[in-house]
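The structure appears right after this line, and notes come after that.
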Amino acid sequence: MEAERETELSQLLLTELLSYQFANPVKWIETQDVLLKEKEINHMIEIGPSSTLTNMAKRTISKKYSEHDAALREPRLLQSFDEHAAEIYCETMQIRTQPHKSSAPQEPVPKAAPKAAPPVPVATAPLPEPGRQVSTMPINVEDVPIQSRDVIVATVAQKLRKHFLDIDCSKSIAQLCGGRSTMENELVGDLSLIFDPLPDRAEEMGISELSQIVSGSTSTTKLLTAHGKLTASIFTHKMPGGFTITDARKHLEVQWRLGVGRQNAILLRMATEVLPSRLKTREEATMLLDKIAEAYADEQGLKLQPMTEVPMSAPTTSSETKVISGCSDVELYTSNDISLPESEALVNAQKMLNIVKTENDTLQEKMDLLTTELGDDFIQGILPAWSPAKIRKYESCWNWALQDLLLLLNSILRGETSLDNSVTRSTCDMIVRRSNDRLIDVMRYMLSSNKLAGDELLVSMAKSVLAMLIEDSQNWLSCAQTSRFFGHELHNPIDAYAQGTPGSDSVEVKVKTRSQGTWKYDTSLIDLYKSSLACVREDGLRLKGKTVLLTGAGPSSIGRELLQHLLVSGALVLVATSRFSPTACRELQNLYMKWGSSGSQLVVCPFNQGSRGDCESLVQYIFSAKAKGGLGWDLDFVIPFAAVSEEGQIDELDSKSEKAHRIMLTNVLRLLGSIKQHKQAGPRNTSPVKVLLPLSPNHGVFGRDGLYAESKAGLEMLLNKWYSEDWTSYLAICGVTIGWVRGTGLMAVNDAVAAEVEVRTGVKTFSQFEMAQRLAALLVNPFAHEVEIQPVKVDISGGMADTTDLRSILSDIRREIKQDSTSTPTHQHLPSHHHVDEPEIGKPLSSVSPMANLKLNFPQLPDYEDDISPLNTLSGMVDLDRTVVITGISEVGPWGNSRTRWEMEAFGEFSLEGCIEMAWIMGLITHYNGKLGDDMGGEQYTGWVDAKTKAPVADVDVKARYEEQIIEHSGIRLVEPELDNGYDPRKKQLLHEIVLTRDLAPFAAPPELAKQFMQEHGEKVDAIPGSTENEDWTVRLRKGAVILVPKALRFDRSAAGQIPQGWDARRYGVPDWAVDQIGRETLFALVATAESLLSSGIVDPYELYQYMHVSEVGNCVGSGLGGQQALKKAFRYRYHDKPVQSDVLQEVFSNTAAAWINMLLLSSSGPIRTPVGACATAVESLELGYELITAGKAKIALVGGHDDMTEEVAYEFAKMRATVNTDEEEARGRMYSEMSRPMTTTRDGFVESQGSGIQVLASATMAIKMGLPIYGIVSWAGTASDKTGRSVPSPGKGTLTNARETHGADKNLLLDIHFRKDRITRHQQQIQADLEQDLKSLEQRFAMSRSITKSEVDKMSLFLHKEAIERNKQVLKSLGHTFWTSHTDISPIRGALSAWGLSIDDLDFVSLHGTSTVLNDKNETSVIQSQLSHLGRTRGNPAYCITQKYLTGHSKGAAGAWMINGALQALNTGLIPGNRNADDVAPELEGNDFLFFPHHSVQTNGLRAFSITSFGFGQKGAQAIIVHPRYLYAALSDAEEFHQYRRRLNVRQRRATKFFQRGLATETLFIAKEEPPYTEKQESRVLLNPEARMEGQHYKDV
């Protein structure tokens, strides 16, 4: 009964309570006031299913009691059963763990005191810093409602990306938008949603006027709604985490006593702040608010007084602090909703950490012991360096032989080389030793063709050299014993580089062999050695096909000199080096390029001879089969010359001494032992490996050299072990005692005393060359064969081994030298040719430093008599109206502009002028004209100043001061995140989807954002409105909600060709609004266009309309990918809900850049074509511009391409495996700058880059008339697609069609320029005769008929003259430079060259697409080779290949334009830039005998024409033929026309140079046009009148 009664009473009580609740109003607000104010409750617990009342209490406390609580330092603790059950029941303190078993007695653990439950953070105002507290309250300010004007200004400012205060309220929306109709329409649309109705033509009203009109008709609700939308973004994306709009309002209320209305005004101004990134702390946010509040007060004329503060002790808690008194670390961590099993797992993890710590301590003790015993030097000295990925191979001597030949011939033709020069003879010797059938073909062609041009004497010298080289090469290939060069025996080519006179000294050598247990002199071997040495001196080594392992070949070492002999001999050499680095590899690669003869190979690998593992790995690599990644060698020679210098007596032996002993003795033996094992396991009947052991006469005679003498003496024991151990069949030992070798790392400190030592002791000291030559003789048969039979000791120490008391002699000499140096004035030691200038007394020292000559580098005009007159056959044969020339070039790229890029491409370094331009581009310097600051003297100054310090920088100091920084932040390099919105490839961000397994903590969000969360997550989110309409809501994501969490991965494409760091379009003069709105790739194109016009000598684009109609200026600028940054914003930023301009879509289109070029610079109404040809875009653009002008549709056309680089595109290129894997390249020891290696054996993908390139095309008539510079003639340009396939990026051979023609086409009479010239003359004579006859008939009719007036006769006469001109044009079309277009049996390439009297043999060089991908480079060279072969290029006439992308990377749409610019610069300077990353040209390219791949830049005696090819994804193949401008000048009517053009050109160039220099100083190279060249009234008349031309700056009488 008792239980039933309790149940009945419970049901009744519940019913009554529910009835009471439903029947009576809830007075929770009053209840809270009673609890919080009257009762002063500071700890409340809510028991219920959710935290409803707790959340309401938090908001009430935050709004009404936060200041009260802060002043009294009384924090309130609010808890709910739903969220804080564990704390309420103190469950977090009941964590049990298994006690650790131990035999030791345990002391009793004192009972822990009860722990207080942690307080829950309450959203109160931030408390002051410790030591500060509120003392005086600010003055209350009268509040005002939200103003319509503020909402309008904020809306406009946010859309225009300007600050609130930058909006001129007297201007209209249309004026503020600057003619951007899309932006204007969007603003009107946004305002119409707020102000309904919006007055008609609101966009034309001033902001102030519009505000007054709409202020009375708009509800406050709409204004507050608009306010919420305007301010939400900045709090979501730019404020620190947890800092909400409520916090901002509370700060303004507490700190400044501002009401809601004025808070709204300040927040609207804050919404227009342009912050580069999210603020990190609340302090930064409040400082920003305070700054805006003060500015607002000044604007409104208010006197605001902030809250003052006085010292006070720090509060114990704050709104962002959780305190759990007395909890352990584990308990504190597990109190955050961590279950007991998870807590136990943490405890177990702690146990494992303790175990690991104990083991680490033990290991550390052992390491400390080893470090104490062995020392740091020894431990570091045994670390392995071996890395198979880093191994480099060099074997393309076939290409370097051709390079040497062409460098030599061009040097002779320029008069820079004499034939009796020893270096010239050495070069010739090396050419002979590397000769092959292909090289002899080249020599024969050069000898018989007109390629050798210039001074007759120099040409004769070059031909003599060629004749001798041909003879010697043929003899060499036929193994003739005596080869002669200019009457001299063919010498060892290294002799020319030797110091001293090799061979002039007597040879002192001692050779010992073992006989009856003792070592005795062997006179027969001494004679044999001398014979070998004579052979080496006369003809060098001959070890073709022999394999050699060499260690110790560092700079200035004997090994390095010996390596030269080995490479000349044709040996295959593996150099194992401990100083492996890009620099070391480059040194060795240059060594191979210079000395590697036919059949030779150089392999370079990282190796530490102090590491046992490296010794074993090295030998394993040598003997392993090629199929297994090894060399597959059976070694012939081992030369272990690695050595380490030492110092110290026996009581100073240290870690370094033991390391050196290990390197020079212990591991030499290990290395040989490993070789013995592999020889033993390999094939039988192989010759033993001949080992050249480096011995020393220093058996302690020098002293103070650590264990050096002991190490060398220990090696000698190996000669005896040959008899006592079982490896005689595998190793043959030759111990060689090496004497005093000057300049090596071991002996360089003794060089100063060497000469005196020779005088006093008779000991001979050697240069490195002399010693290497003597060592090389030991490798020559039959002496080397004797070593296989028995060990041999050879003493070539120059008598040093027999000298006693050498140390005391050295001490005496050093003491005497020191005494002489202290007693003799320094200048008396100088040789007689060194003169010390002393300033004259009273003569002031010059303070003038040289100035840089900043200029545009216009092409140099050729001399008429020497260069143009011989081509006079072309005179009158060309229709200049239909001839296309390039008059301007420019680019924006990783190396700045076209001028600075050319300096790096051609010379590998910047000039002073180049450094100044780059420093200006990167914002390192600015030009200043005015008084300096007081701290710098306050004087008047004009010149460069440092951009940061404002300190003056002289021109001459710029290179020294900034070049290192310029190089580091230009070109291909590690991606710099600041250049791409923080993109860091080492931390590429992706999003990972996660389903919540528990409820998250609540957070505040603006109402609109909270509703959006509800829209997405539905029942998986709780959203509780604030107490007022605009107050933040409380949002909590529930279990089951899906969220996206950022994650980062290491992206393996971290190198790129980015624009120079600091590049800014504003620096050129591009307006701020344009930079903010326009895509970056478009900014590249705008700047490049301005510079291309300037390089055309055009300082004002509107000048064009003085010479042509506005419809005759074309625009063909294209892009491979379009607006990548805009695409990123439209998709990624929109998805992330980041601020994005509303008209971003317009920047996505590929034709937008061309539109901006026209809108801001040209104002043309001519044809506009936008090519989208992926990587071939720029050359396709050239074709379009070429067609516009040849078709008469334009007289000027802009062509080129542009593309940006984004992480999204980079990632997708990587997925296609098109770009180089930079992680793998780094593992191979490559620097970022050498990761693009076109045409090399190790090429592995392109390096992406960004930028733009623009050319100005013009008809030849217009170029001559305007006096524009001419960089080249576009003789032809075309595109071709490929065959059926399934791969879009796959390279094809469609461009072979550019050489399509039938067999025997080269015999076509039309290809004979003299034949065509004769035909043109006859046709023109006939036309002239017809004209004269027609005019005579017209005169007769006029005389006979009175009905025909004089005016009519004049019109008829004019018609007849025009008809004659058109007939002449038709003749030139059929027989002039386009004669071939109507003859299908003549290929475009042949026709384009023949038009200017050139043949396929006159195509001097080709600029290759050369992306550094395996397939492209192989396919492209194959296509060019086939074209040249099909067109009948003469055998032995290779074309130079330019592969520019090694330097710039691949910029997609701009790539072809950069190539055109570089090729034009080569054409006009005669200098072919080399590919400095071409360390080893791929062997599969050797068969392309019409192509040559230079590493060094080659200065030629002049160039005639070139081909450029470009290939793009999507079956786009493009090619163009460009000819030197001198052929156009020859086509002019006479010399006078050329000289008139020269005068116009000089005037234009001076004007452009002046504008350029002023533009750099004033940052106005780009001047955006504000108005079209005609007035609004003139527009229709100008567009409709083809004869309309500007006069000066205006159109008149249109």
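Each residue, glycine too, has its Cβ placed from N, Cα and C.
So that you can see what the record holds, here are the features copied from Swiss-Prot:
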- 96-134: region 'Disordered' (REGION)
- 104-115: compositional bias 'Low complexity' (COMPBIAS)
- S181: O-(pantetheine 4'-phosphoryl)serine (MOD_RES)
- 543-784: region 'Ketoreductase (KR) domain' (REGION)
- 818-844: region 'Disordered' (REGION)
- 820-829: compositional bias 'Polar residues' (COMPBIAS)
- 992-1524: domain 'Ketosynthase family 3 (KS3)' (DOMAIN)
- C1175: active site, for beta-ketoacyl synthase activity (ACT_SITE)
- 1280-1301: region 'Disordered' (REGION)
- H1409: active site, for beta-ketoacyl synthase activity (ACT_SITE)
- H1450: active site, for beta-ketoacyl synthase activity (ACT_SITE)
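Everything Swiss-Prot records as a feature, shown here on the structure.
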residue: S181; record: O-(pantetheine 4'-phosphoryl)serine; DSSP (3 states): helix
residue: C1175; record: active site, for beta-ketoacyl synthase activity; DSSP (3 states): helix
residue: H1409; record: active site, for beta-ketoacyl synthase activity; DSSP (3 states): coil
residue: H1450; record: active site, for beta-ketoacyl synthase activity; DSSP (3 states): strand
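Below 8 angstroms of C-beta separation, residues 1216, 1218, 1384-1390, 1415-1416, 1419-1420, 1422-1423, 1426-1427, 1430-1431, 1509, 1511, 1513-1519 of the same chain, each at least six residues beyond the ends of the region 'Disordered' (1280-1301), sit close to that stretch. Between C1175 (active site, for beta-ketoacyl synthase activity) and H1450 (active site, for beta-ketoacyl synthase activity), the C-alpha separation comes to 8 Å.
Mean pLDDT, taken over the domain 'Ketosynthase family 3 (KS3)' (992-1524), works out to 93 on the 0 to 100 scale. Using a 10 Å radius centred on the Cβ of C1175 (active site, for beta-ketoacyl synthase activity) and all shown protein chains, the other Cβ atoms total 29. For the pair formed by H1409 (active site, for beta-ketoacyl synthase activity) and H1450 (active site, for beta-ketoacyl synthase activity), distance between Cα atoms is given as 9 Å, rounded to the nearest Å.
Broken down with DSSP, the region 'Disordered' (1280-1301) shows 6 helix, 1 strand, 15 coil. Neighbour density for H1409 (active site, for beta-ketoacyl synthase activity): within 10 A of its CB lie 30 other CB atoms from the protein chains shown. The separation of H1450 (active site, for beta-ketoacyl synthase activity) from S181 (O-(pantetheine 4'-phosphoryl)serine), Cα to Cα, is 36 Å. A C-beta separation below 8 Å, combined with a sequence spacing of at least six in one chain, links H1450 (active site, for beta-ketoacyl synthase activity) to G1057, C1175, S1236, F1246, V1247, E1248, S1249, T1411, S1412. For S181 (O-(pantetheine 4'-phosphoryl)serine), the Cβ neighbour count at a 10 Å cut-off comes to 11, with all displayed protein chains included.
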